[in-house]
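Submitted below is the structure of interest, expressed as structure tokens.
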There are 2 protein chains.
Amino acid sequence: MDFLEEPIPGVGTYDDFNTIDWVREKSRDRDRHREITNKSKESTWALIHSVSDAFSGWLLMLLIGLLSGSLAGLIDISAHWMTDLKEGICTGGFWFNHEHCCWNSDHVTFEERDKCPEWNSWSQLIISTDEIKTILSGFIIRGYLGKWTLVIKTITLVLAVSSGLSLGKEGPLVHVACCCGNILCHCFNKYRKNEAKRREVLSAAAAAGVSVAFGAPIGGVLFSLEEVSYYFPLKTLWRSFFAALVAAFTLRSINPFGNSRLVLFYVEFHTPWHLFELVPFILLGIFGGLWGALFIRTNIAWCRKRKTTQLGKYPVIEVLVVTAITAILAFPNEYTRMSTSELISELFNDCGLLDSSKLCDYENRFNTSKAGELPDRPAGVGVYSAMWQLALTLILKIVITIFTFGMKIPSGLFIPSMAVGAIAGRLLGVGMEQLAYYHQEWTIFNSWCSQGADCITPGLYAMVGAAACLGGVTRMTVSLVVIMFELTGGLEYIVPLMAAAMTSKWVADALGREGIYDAHIRLNGYPFLEAKEEFAHKTLAMDVMKPRRNDPLLTVLTQDSMTVEDVETIISETTYSGFPVVVSRESQRLVGFVLRRDLIISIENARKKQDGVVSTSIIYFTEHSPPLPPYTPPTLKLRNILDLSPFTVTDLTPMEIVVDIFRKLGLRQCLVTHNGRLLGIITKKDVLKHIAQMANQDPDSILFN
Amino acid sequence: MDFLEEPIPGVGTYDDFNTIDWVREKSRDRDRHREITNKSKESTWALIHSVSDAFSGWLLMLLIGLLSGSLAGLIDISAHWMTDLKEGICTGGFWFNHEHCCWNSDHVTFEERDKCPEWNSWSQLIISTDEIKTILSGFIIRGYLGKWTLVIKTITLVLAVSSGLSLGKEGPLVHVACCCGNILCHCFNKYRKNEAKRREVLSAAAAAGVSVAFGAPIGGVLFSLEEVSYYFPLKTLWRSFFAALVAAFTLRSINPFGNSRLVLFYVEFHTPWHLFELVPFILLGIFGGLWGALFIRTNIAWCRKRKTTQLGKYPVIEVLVVTAITAILAFPNEYTRMSTSELISELFNDCGLLDSSKLCDYENRFNTSKAGELPDRPAGVGVYSAMWQLALTLILKIVITIFTFGMKIPSGLFIPSMAVGAIAGRLLGVGMEQLAYYHQEWTIFNSWCSQGADCITPGLYAMVGAAACLGGVTRMTVSLVVIMFELTGGLEYIVPLMAAAMTSKWVADALGREGIYDAHIRLNGYPFLEAKEEFAHKTLAMDVMKPRRNDPLLTVLTQDSMTVEDVETIISETTYSGFPVVVSRESQRLVGFVLRRDLIISIENARKKQDGVVSTSIIYFTEHSPPLPPYTPPTLKLRNILDLSPFTVTDLTPMEIVVDIFRKLGLRQCLVTHNGRLLGIITKKDVLKHIAQMANQDPDSILFN
């Protein structure tokens, strides 16, 4: 009775911008697997096929890891090279020379070069994490993860990163890795044909993307689990970890930064933290939460303005203007001029004896304590001027990031957010340090810091601040802490990081429940059924189902009394993507569910090939069709496309349970019955609309009604 | 229509050894939450109540973390003290003196003291992780997580750990933490009354348990996610992490080992690993897989023998005999005599200049290379004798661990498994090192190791071996790698660890699919629906449902035609835990589902309190009962205990989908319909039995048919 038994081309596939049916897809994969396993006993060849099929998942992970690691290395190296290009290309004799120097000889506007009109057509590719999140939840967007996307995204990412704009590369790298995953899926039968299996691969690829962006394989896996993925079976956990690790290892072998470390901002602090420091850490957490809430609100408001006003029609001009403003404002200040990663690196750094940066310009720099460590010292001129510059940098970064994220260039949010937090943290850290130095007599410092010892580490404050701001924007929790400590190698600082991350999440959640990715998903109106938020309203399935009380009755097919013509009329008069099949119109007892697409394909196919099927042929969904009287046209048996196990709930089922079923089983639709009679239908979009209505949001913002 | 509206005491609770209904429990919690939120607008007091309710989860986590951290510290300190006691109590003048020295003056049998007859009654508490796993999946075992268990477990754990038996403490610590969680749940209304919410807390407590056992908070959370928990919402992830961290932090503040490190076996290796070393690492992985498969098979066979033969009747004698044998065999060899944690620590250690252990007795010990590092050197006499002793230790540990795990004392498996792997790894590592020293001309060493440099680190091999063996036994994946690197602080060695863990899992899986916890769950016959294994057979719901083809019809209630007496007859004649309610026997159209326990309580209650309800009263499950003719006894309306949204599937639904629904939604039973008519019922136990049947296992081994 399986619809795969007589495969008609096209049956079981999806239209673009549709939601997949997880249950059906997984069931199909199990059928396929069963078939291969059964055959494997027959011949050696089949056995080899079965083994290779079992290992294809691992092979795929290996390839994804290798490919995304290599691409990340390539991107890093090219971006570096391009960044260097900005500094001195005209003095050298390269063949680029002409092209770029002609563009504009003014040093400042070199920044704009990356966004010159040649790339217009490429800049259609926008921020990605939220789209990927939606695709992983089972939505079909064709071409979004194709090879052209990969090529263009790779090139534009190099350009964007090297341009000095306030953006990070983790979002685009996740997209690049997902493209790799999607393209490689086409090489394996198992994954090419099954939308659910492919989404498992994409989850793993997302982990690999974060892994190469930060050299944080475990953090990447947790990020994929916590933030990105909709359906994350435990088997995928291990595979994702494998892919993430291979990617990180490949990147490390390429060694784009020349320091052969997996750890991006390696820090080594010499002093433990003190319990009283939890107070400033929590303050940083509050700052991070406020920043997160502010950023999400203003950024979403700006993006909405972009969508609804004339502004959205000139994405290239917008990019050029923002780049120009960034360049002009950023150039005078050394902290905004340097690349954001370098800035973070410098802010995290604990001042050693030999550090010559302005941030380490303390008085009595070379006095060491008895233990050989550097004690707290009064700040010198350099530190004070650095403080002012950092404060200006903070304001600039805050403003610029709000306008940059969401432009039509590939951009990530981690690095800018971390920079904002790191600056705030460093400022507070230096402040605390000076306070401890000048007010050693205060009880609080007295009891914790011994005279002339190193007591406060400003670099640690920067790290904690970075975690807080990142947490406020993304609302990540465990993955945030893990990423932070994979980034810095600081396993000992897990408590401060956690305290800040938790405060930040609470503060930000109090001001608005959505993280930035969810906010952008809602802005774009993708049908994403959030798995984190509990549905807390006391409505019933009957309040949500179609048809509503005053609507015409539900369109159903009967199992043995409709002609081809009747069905074709129904198909042409409605746009529903599927129809319930009942025993008879009078009894309304449910037999199964048939998809519109399968129905159209099957009828077309039958009309073409099956002898004698005409408009007056009767369609049978029953197992056996009755003997025909003479001179009637042959019947059309369609039981093979009928889903005999449609999900049903009763009309009195609370919507919270219905929402739970949709989430956990990944349903596309669910039928509603009352005392055994079919009453209506609830689709995923009905559920989403209802949730939006209950939250007093605009239900029409959900795309594709 | 909610059954909470008219609460009758006892309605909605469970009998012992029953499975909970996750959907119902969660729905009840949401009702409760909604009520509190609605009330919060009415008065300040209600608002405070609502806020405190929202924070009670966090408070609970904090308390669990504090309590389990403190208990772990207490256990560590006491166990240390007791271990020291073994060495010299009789020479001192303590009040213990008399008691213990009287027992036996022979040094060896001091070991037995811990198991002397006084503790007979306490030793009923057996290995725990698998029971906890079953409880988390929604099974009720009363008293298993009570305060007496906590007290006895804490005391016996101290005794068992200090006794020198081949066991670890992570299993019992998980149990101790879960007891803390369960006891603390009683202080919070929200958790006391809801079985599903309480299981969320227990998941977090399990994470806290692993966290304190190893000082590995992230590993603990992943362990709980991957191995222990059945239902793990993302909200719990963050809370578990919080509890795990508080517990680890508390333990660190107590500082039982006196080194103020969270990291248990801190290692610092000076050399990077080389790519060719992946070959020996993979060999270690294979060894780990073989050990895992061997251990699980022999241990389960031995435990089965214990269950089925006379042996099981003398648990105390068994413990005494095993302890005596362990003591006698362990004493002569210094590596078996030392505590297992110390042994692992020594095996992981990289030989420094000042190390005086036998394992570091190389020739030319004090020659350093130009870079100041210790080059590979020929092994001295000490190393060779250590190798022999370690080989003997390996064999002893393997044999003893098989007989120890599963005895009626609290025991964990991590430490013994890691010891086995660490010994094997160290042996291989020293072998490789000597090979590299004596055969520097071999291409493989030539191309990777420079002359006179430190090339092979035997300690790293020990670490990799430990991971491999732990992985083989538990089949953990990501959590294993994370625990290993939280244990050792070696973020750089993630690739070797992963390679070994992966090989080990593959090898072990090829020899038998189950990890040790699942094997013990099956041995004990607990109704645990494994979420990892895919159900791969092509059976349908109709093959599993009751009644079977030749059985009498399904016992149903009708919604408006049965008397109290009819229902009582049905209750007394059957043992089913619930009954479907249909419109009428003829139509068999489903209205709802009513639980036996609720039905009994309601009828009893009505007979006692409701005026005039007698045996001939008609029970109505309908919304409105029809007007009664005069002189008929009053009716009993029971719609409030009727579950109006029972889950249904069609008879043609593949069992793989049914299994999926049971797993993901945590169902207790599911009704089966055909074309809208009720046909049968499938319970969780039917599903488990069917899975066991399909896997050709003994279906009667599933407890509580």
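Please read every residue number as a count from 1 along the shown chain.
Cβ atoms are placed via backbone N, Cα and C, with glycine included.
Curation does not apply to TrEMBL; its annotations are automatic.
Feature table excerpt (TrEMBL):
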- B:55-75: transmembrane segment (TRANSMEM)
- B:150-167: transmembrane segment (TRANSMEM)
- B:201-225: transmembrane segment (TRANSMEM)
- B:275-296: transmembrane segment (TRANSMEM)
- B:316-333: transmembrane segment (TRANSMEM)
- B:386-406: transmembrane segment (TRANSMEM)
- B:413-432: transmembrane segment (TRANSMEM)
- B:460-485: transmembrane segment (TRANSMEM)
- B:545-609: domain 'CBS' (DOMAIN)
- B:641-701: domain 'CBS' (DOMAIN)
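Each of the listed features needs to be described in terms of its position in the shown structure.
Sequence-distant neighbours of the transmembrane segment (B:386-406) (same chain, 6+ residues past either end, Cβ-Cβ under 8 Å): 126-127, 165-167, 291, 294-295, 298-299, 302-303, 306, 322, 325-326, 329-330, 333-336, 343, 358-359, 361, 379, 413, 416-417, 419-420, 423-424, 426-427, 430, 516, 520.
For the transmembrane segment (B:413-432), same-chain residues at least 6 beyond its ends with a Cβ under 8 Å from one of its own Cβ atoms are 166-171, 213-214, 277, 280, 283-284, 287-288, 291, 295, 335, 340-341, 343-344, 347-348, 359, 379, 383, 387, 390-391, 393-394, 397-398, 401, 404-405, 456-470, 472-474, 516.
Counting residues of the domain 'CBS' (B:545-609) by DSSP class, helix then strand then coil, yields 24 helix, 16 strand, 25 coil.
Per-residue pLDDT, averaged across the domain 'CBS' (B:641-701), gives 83.
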What parts of the chain pack near the transmembrane segment (B:460-485), using Cβ distances under 8 Å and only residues at least 6 beyond its ends?
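Residues 210, 214, 216, 218-220, 222-223, 225-227, 267, 269, 273, 280-281, 284-285, 287-293, 295-296, 344, 347-348, 350, 413-414, 417-426, 428-429, 432, 491, 493-494, 496-498, 500-505, 507-509, 514-517.
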Who are the chain neighbours of the transmembrane segment (B:201-225) in space, where the CB to CB distance is under 8 Å and they lie at least 6 residues beyond its ends?
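For the transmembrane segment (B:201-225), the sequence-distant neighbours (Cβ-Cβ under 8 Å, at least 6 residues beyond its ends) are 57, 60-61, 64-65, 68-69, 72, 132, 135-136, 145, 168-170, 173-178, 180-182, 184-185, 191, 231-232, 236-237, 239-248, 251-252, 261-264, 412, 414, 476, 478-479, 482-484, 486-487.
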